[in-house]
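What follows is a short report on a single structure.
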Amino acid sequence: MAIVAQGVSTILTTFQKTFKGLLPLIILVAYTLLGAWIFWMIEGENEREMLIEQQKERDELIRRTVYKINQLQIKRQRRLMTAEEEYNRTAKVLTTFQETLGIVPADMDKDIHWTFLGSIFYCMTVYTTIGYGNIVPGTGWGRFATILYAFIGIPLTVLSLYCLGSLFAKGCKMLWRFFLKSTRVVSKDLSNKISEAADNIEEGTTAITPSAEKTENNDDDLLSFPISGLLLITVIWVIFCAVLFTFLEEWDFGTSLYFTLISFTTIGFGDILPSDYDFMPIVGVLLLIGLSLVSTVMTLIQQQIEALASGMKDNIDQEYARALNEAREDGEVDEHVDPEEDPENNKKSFDAVISRMNWSKRGLYYLLPDSQKKELAKQSEKKMGRKSIKIQTDNDLLETLIREEILKAELNNEMHKYTAPRSSHQPKLVYSDVREKEVPIEVVRVEHFNHGNEDYLEHDI
């Protein structure tokens, strides 16, 4: 029972996390249906009335035109044909002329755009910012509703695309881990982790917990996933959509591919459009998935560039250390120059070090952002002045420790352990074993010893 309960709990937890991740997408779907109903109610009847009115105007125009032409023909033919025959012939000529111009009678089944399915497609073109232009509001209220709908829908779409991209990224990481496991590919930093764990055990420190390692690996898995694989998936999806459109719209493959790419990049010229509005929701779903793929790929490319820049900085820093040593050996860099006192000389030294790097490392350096270049220059200043600062700090610290050691010996009456007998005219030398070194200094206080009262003046040697 415990195993069953644990399994049910795991399933519920997974479902809860998945539902939480899909919640913005569910809200977006509901928002789409709500917007479709609103625009359908606002624009649907208006469009129908406009089409009916246009058809009436066309019919009236044709009737008047035919009548006038008929009257003219009657007068010209001098009653060689009946009026009905002349009317029919003239109407036929005008109808042919009208069809040649592309003016055809309105089809209430095909020419209606503001159906519920068409309204869904319109909502998708609004909040994805594609905007083909084939469906537009014709009323003031419709335009006002479009503006409000876009203000809410566009941020919601961005959030939904982010959630879809995150789910897609998780799927990529699962496939990548499965690939590594099935091919028994060992991570390149496994040996480093083993060494670190061994060092931690030897030093008595706490090793990294499996949960911490799992969290770190989950964060790095997506960056380690080859970006070429994601690009390949995106290309496959684009080709799939293009092939699907060739069957839905009877387009050639070039036209379908053009429409797909124009849509996925949210350019949306509107010159190529689906003709069957019953398939509009399917087109919208395909475009939404394509946009999420494009968004994911662009985000991952940015993360890959940032990771590459970080790796470049580490490589350049190592190369800098090697080039700095070579420059110092050749005398191009002065070891004792304080960069704060002579920044101009430090700049020349830094340029000399950069010039000694190989062309690939030097190229990576020039590709770094300005902020990281400045950081590397600051590291250069620290390295250039590190030796003199280190020597200065060591001397001061050593002197302080020696004086503390002498004071302790004085308080414990153990000065005889550190003193060496000298003649009366020679200064008394005191030795300290601080840091396993014997550093002589002259006594600066008045010392009293068992063999007599003698005064000694001290000063540093």
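Using N, Cα and C of the backbone, Cβ positions are placed for all residues, glycine too.
Using a 10 Å Cβ-Cβ cutoff, Asn88 (N-linked glycosylation site) registers 13 neighbours. In three-state terms derived from DSSP, Asn88 (N-linked glycosylation site) belongs to a helical segment. The N-linked glycosylation site feature in Swiss-Prot is assigned to Asn88.
Summarising the annotation, Swiss-Prot assigns intramembrane segment to 116-136 (among others).
Within the chain, the intramembrane segment (253-273) has long-range Cβ neighbours (under 8 A, six or more residues past its boundaries) at 125, 128-134, 238-239, 241-246, 287, 290-291, 293-294. As annotated by Swiss-Prot, intramembrane segment applies to 253-273 (among others).
Residues or ranges marked as region 'Disordered' by Swiss-Prot: 328-347.
Away from its own ends, the transmembrane segment (22-42) comes close to residues 114-116, 119-120, 122-124, 126-127, 137, 139, 141-142, 145-146, 149, 152-153, 156-157, 159-160, 163-164, 167 of its chain (Cβ-Cβ under 8 Å, at least six residues beyond either end). Per Swiss-Prot, transmembrane segment is recorded for 22-42 (among others).
Feature annotation from Swiss-Prot assigns transmembrane segment to 144-164 (among others); the stated evidence is sequence analysis.
Same-chain neighbours of the transmembrane segment (225-245): 172-173, 176, 251, 253, 256-257, 259-261, 264, 274, 283, 286, 289-290, 293-294, 296-297, 300-301, 304, counting only residues six or more beyond its ends whose CB sits under 8 Å from a CB of the stretch. Look at Swiss-Prot and you will find 225-245 (among others) tagged as transmembrane segment.
Counting residues 6+ beyond its ends, the transmembrane segment (281-301) has Cβ neighbours under 8 Å at 117, 120-121, 124, 128, 130, 161-162, 164-165, 168-169, 222-223, 225, 227, 230-231, 233-234, 237-238, 241, 244-245, 248, 260, 263-266, 274 in the same chain. The transmembrane segment annotation in Swiss-Prot covers 281-301 (among others), and the record cites sequence analysis as its basis.
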Same chain only, please: residues at least 6 beyond the ends of the transmembrane segment (144-164) with a C-beta under 8 Å from a C-beta of the stretch. Say none if there are none.
21-22, 24-25, 27-28, 31, 35, 38-39, 42, 123, 126-129, 137, 288-289, 291-292, 295-296
